[in-house]
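Here the structure is laid out as structure tokens; the discussion comes afterwards.
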């Protein structure tokens, strides 16, 4: 039904449009279409209970692209689901004394309502939550396949252990080395965990990046660095104990064998077998290893912690010089990386140098410039020359390296590799920084790992006909241990191979497992198998949208899991997504007051009055409730910790969904940070009210007659030219550039131009009708509710605008018959003239000289020359 109100009423308009979309199942799609497919997907949300502005921006970008693509003739899929397992639900369960499942499903209901209020063109019939058994059963089935193929395996690995809560902690739950809830010092504990062999796909993941032409370079660079391919030499160092007995040889991988003569000690990880062996007879070392178990495992902590170590008393024999090198335990060497041992070259490596300086170990130079440019370059200082260890491009040669003196990096590399391989003491290797994916989590709220442990048969995959292994949802959750560990009825079972008593695995999957394949399940949401033939119709995703913070975890696992599904013959494609758009953050001002202890109480911007200078910069702020000053902080990402978030629902209620959508697209290009500014939101609301009034005022003059482009005068042609120029700009902005802010600006320009067009003739009414229809359709991807209503106001029946073709450029309208030229006198603007585009020079000069305001400024002056810039400027030089 058309809206008759002349006042812009967002709630009424949006209710009518959304009811129409729901009742007509407007955004349901299938695979039986002769249109080209287009799969647009924004990363699925975690059901925290409330949308934030980051969600709104992400999903609005996806919705704009989806609606635009449907208007350009595509069969568009835009689904939605919920990444529903995970730690926040457990934390909320502890805080609110409610089962994680109950908390999660309640939040999904609320967030679904919020998403629908924003009018997104989502195919809701494909919705699912990853915590539902009919979703994760397929994940369990895939895991059992991977076990049988040897791509899933179990081994011991270090975790953060809270000795009070008796639970494993994620890195983010370790605060300054202590458990976030108990406050107890966290220990590093080695426990059995399941892994997927992502390293088997390391080279393919690396090579595949070269095919992703439409992924941002920063994402591809981060993935290349995370995969970390390096070519080098694995060297065997013989090891002797304090009694000169031979122990198992130490394997060390290095990309710089040319620095071998600079090795003055060997560092090993605290968990290395040699460290544990030495500690048996060294109480001091045993005590240090116990201390090194304290603290978290995050890379950030390991990088910033104080470097600590101890001499084990063991000696590594230099493979060329036979020098006995001390073997030190060092807390910065990780057992999970490489071989857990490092040949230390403190003369040319910062970390080794800092360690050597602390413990008085030798530092030796083995690299020198061939042709030093100055005294500084020829004088060796370790804190300068350490940088050479990583610099292979400078012109240098080996020194203090026996018969290898004078060789450059490449020459030394090849000679040493050949020598070690010939002697059987080493071999060329390709190494990757990438580690196998640890998928075990010692948590309750996750997908159960489908494995049974039998004393006789060992680890046995759950048979397919016994899947899914269903996670009990109606549990009491305290945070101390996992409910399924203490649920003997759930845990105890029988071995599927021998029939004897057995127990289920009580670990659950890393939640990245669910988010690594959800995009594919949307294509076959009701399939009995993991996927069916519909997957190959929709995949790969044409446009994927999400934050760059997911570059090296989700997006890596996303690509890896797609290759697993390909190798299982579930999908045909090699990569999961063709285009990737990484949207910027939503940021906002922060305000606070300082407490006597120096801590800060963060105040929400909605509770603050601000004063601004003429440039709009905040110069002062007071708390609304007491009128007293508050301090102005930095502009930062919206977050709970800084209390600078804005509730989208409040904004939708206050301004309407289309205003919120319009601002989120107008305030910044998609890839850049968007600074929240309510004054800007109010500006968008004013524009929509003005457009509403503009259309209704036009419609009040009755229906337009047919446009006769052969009967238009100059002014009418100018409006048509502006209209079709706007179509061209917006089409490029939506389609190629993904520059939605400039698309909006172009429509605003057209609206302003039309507002100044006051001709009331029949053909002018028709020209205005075309311009207004164009604006309504161009804005439809961004402001669909308003466009839905205004299309009817312009005399059309209620319809789905996405099924109408996107406006087409009439190239004949772009041919301008006249041009507006600025007229300057001695470089200063004095007037404008309108002339035919093919007007002769004499005609242009005469019009410029006789333009009234220009003529006034020329009185008493002699014209020396006239410079004409075709189509732009006439500059009169006079004295």
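A Cβ is built for glycine as well, from the same backbone N, Cα and C atoms used for every other residue.
Swiss-Prot lists motif ''KMSKS' region' for one of the ranges 637-641, 642-646, 647-651, namely 637-641.
Range 45-55 is the one annotated as motif ''HIGH' region', of 34-44, 45-55, 56-66, 67-77 (source: Swiss-Prot).
Here the motif ''KMSKS' region' (637-641) has Cβ contacts under 8 Å with residues 52-54, 585-588, 602, 676 of the same chain, all six or more residues outside its ends. On the 0 to 100 pLDDT scale, the motif ''HIGH' region' (45-55) averages 94 in this prediction. Under DSSP, the residues of the motif ''KMSKS' region' (637-641) split into helix, strand and coil as follows: 0 helix, 1 strand, 4 coil.
There are 10 other CB atoms within 10 A of the CB of residue 640 (ATP binding site), with all protein chains counted.
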